[in-house]
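Visitor: Sharing a structure with you now.
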Amino acid sequence: MEKTLSIIKPDAVKKNVIGKIIDRFESNGLRVAAIKKIQLSRADAEAFYAVHKERPFFGELVEFMISGPVVVSVLEGENAVAKNRELMGATDPKEAAPGTIRADFAESIDANAVHGSDSLENAEKEIAFFFAQREIL
Ligand code: ATP
Ligand code: MG
């Protein structure tokens, strides 16, 4: 069993498709172990995406992530990290496989509906960034 961190980004929250996205997880062997809706501060977004701070799109990425509330969750299941990435689809929705979350709900590489941890090591760090141990059940 693995745990991974998912974020439903501001574009998808604005589109009112939180439930449809969570259904993709639950229908594909992932269980919601923790969940909350929050407004990220600029400091939160900069810290969360610190690995990308030298990239040309960092400023836009931070602006986008604080443009409205997000839904952060911990998903648990067999191979949860890879399974979530598979359900999400490619970073650029134009390249995302049909039937993936980004193909179905995302507009652009900036507004791409969801985030998912890219490794078990990052999943542990990202889960600890958002949740206390007693919130993960
Ligand atoms: P995420 O980390 O959000 O799950 P990802 O792992 O698929 O997405 P990363 O390479 O980690 O992709 O990039 C983080 C985020 O930065 C992407 O989700 C996207 O919104 C944005 N991003 C990545 N590449 C570009 C780009 N070339 N132009 C604009 N935005 C980009
Ligand atoms: Mg990433």
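Just so you know, glycine gets a Cβ as well, placed from its N, Cα and C.
From TrEMBL, for reference:
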type	residues	note
ACT_SITE	H115	active site, pros-phosphohistidine intermediate
BINDING	K9, F57, R85, T91, R102, N112	ATP binding site
DOMAIN	1-137	domain 'Nucleoside diphosphate kinase-like'
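How buried are the listed features, and what sits near them?
Guide: Within 10 Å of the C-beta atom of H115 (active site, pros-phosphohistidine intermediate) sit 20 other C-beta atoms, taking all shown protein chains into account.
Neighbour list (N112 (ATP binding site), Cβ cut-off 8 Å, at least 6 residues apart, same chain): K9, D11, T91, D92, P93, R102, A106. DSSP assigns N112 (ATP binding site) to coil in the three-state reduction, outside any helix or strand.
Here the domain 'Nucleoside diphosphate kinase-like' (1-137) has, by DSSP, the following mix of helix, strand and coil residues: 63 helix, 26 strand, 48 coil.
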Visitor: Between F57 (ATP binding site) and H115 (active site, pros-phosphohistidine intermediate), what C-alpha distance do you get in Å?
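Guide: Just about 16 Å between their Cα atoms.
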Visitor: So which of K9, R85, R102, listed as binding-site residues, have a Cβ under 6 Å from an atom of ligand 1?
Guide: none
Visitor: Long-range neighbours only, meaning 6 or more apart in sequence with Cβ under 8 Å: which ones does R85 (ATP binding site) have?
Guide: G116, D118
